[in-house]
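For reference, the structure discussed in these notes is given below.
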Amino acid sequence: MRQPAVRLVRLGRVPYAELLGLQDRWLRRLQAEPGIEAPSGTEAGALLLCEPAGPVYTAGLRGGLTPEETARLRALGAEVRVTGRGGLATFHGPGQLLCHPVLDLRRLGLRLRMHVASLEACAVRLCELQGLQDARARPPPYTGVWLDDRKICAIGVRCGRHITSHGLALNCSTDLTWFEHIVPCGLVGTGVTSLSKELQRHVTVEEVMPPFLVAFKEIYKCTLISEDSPN
């Protein structure tokens with residue numbers, strides 16, 4: 001049986017708004033297709049990957065930022081956006097791998113919780129390939145990937161009519177001081193970390209991209225088709 005195919009779109013370092021715009025176009029594209037179980041080998045959607053070009057704080061469906069906090073964060077020079085993903089406030093910025101799979105879960109044989117667990121598994125596997133064997137996901141209601149009490153990967157998704165958007169943010173060489181201005185994901189008493197901090201060397205988004213794609217293909221049991229144009 002042929003594996004479902006997923007379009008791979010690598011945007012490089014781009015403004016966060018550009019990622020959201022492309023995500024919306026893929027959402028409309030999938031929503032316009034017939035909502036039926038697809039035969040084997042059918043395309044299941046797109047995997048959008050990028051590194052944010054500038055600092056952005058985002059709030060999810062559960063909120064997380066008051067108007068006063070929003071004004072304070074903007075005064076720091078960061079963009080602030082309210083998104084449709086699950087979860088509370090977090091930070092995105094240079095040195096971070098953003099992965100937004102826009103997928104019809106029916107074509108992958110997945111339910112939403114399995115999709116979230118699969119994203120966590122991709123991040124755990126990447127950490128293992130980088131030499132961090134203690135990376136773990138936590139049981140619900142927690143999401144993301146941790147090294148002890150330090151969060152290295154945040155996850156927040158949205159799903160409507162079986163179609164997902166948003167995804168994960170994994171800290172490679174992120175300036176972690178940006179997280180000091182919020183309570184990341186609403187979790188008091190926990191810290192954040194990055195691959196660079198844990199490995200004591202500079203780890204770029206470009207470096208981790210190939211092993212991440214290997215992990216994604218293995219865990220989602222799909223093939224990846226490179227997309228020359230993001231449109």
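Using the three backbone atoms N, Cα and C, a Cβ is placed for every residue, glycine included.
Annotation source Swiss-Prot lists active site, acyl-thioester intermediate at CYS185, citing similarity to another entry. What Swiss-Prot records for ARG85, GLY86, GLY87, LEU88, ALA89, THR90, PHE91, HIS92, ALA154, ILE155, GLY156, GLY167, LEU168, ALA169 is substrate binding site, and it gives similarity to another entry as the kind of evidence. Feature annotation from Swiss-Prot assigns domain 'BPL/LPL catalytic' to 41-224. Sequence annotations record features per position, and here Swiss-Prot assigns site 'Lowers pKa of active site Cys' to LYS151 based on similarity to another entry. Summarising the annotation, Swiss-Prot assigns transit peptide to 1-31 and lists sequence analysis as the type of evidence.
Here the features listed in Swiss-Prot are placed on the structure.
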residue	record	Cβ within 10 Å
ARG85	substrate binding site	20
GLY87	substrate binding site	23
ALA89	substrate binding site	24
PHE91	substrate binding site	26
LYS151	site 'Lowers pKa of active site Cys'	24
ALA154	substrate binding site	26
GLY156	substrate binding site	24
LEU168	substrate binding site	24
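A separation of roughly 14 Å, to the nearest angstrom, links the Cα atoms of ALA89 (substrate binding site) and LYS151 (site 'Lowers pKa of active site Cys'). Look at the transit peptide (1-31): DSSP puts its residues at 16 helix, 10 strand, 5 coil. Here the CA atom of LYS151 (site 'Lowers pKa of active site Cys') lies 12 Å from the CA atom of LEU168 (substrate binding site).
Residues belonging to the domain 'BPL/LPL catalytic' (41-224) score a mean pLDDT of 93 in the model.
The DSSP secondary structure for GLY87 (substrate binding site) is coil.
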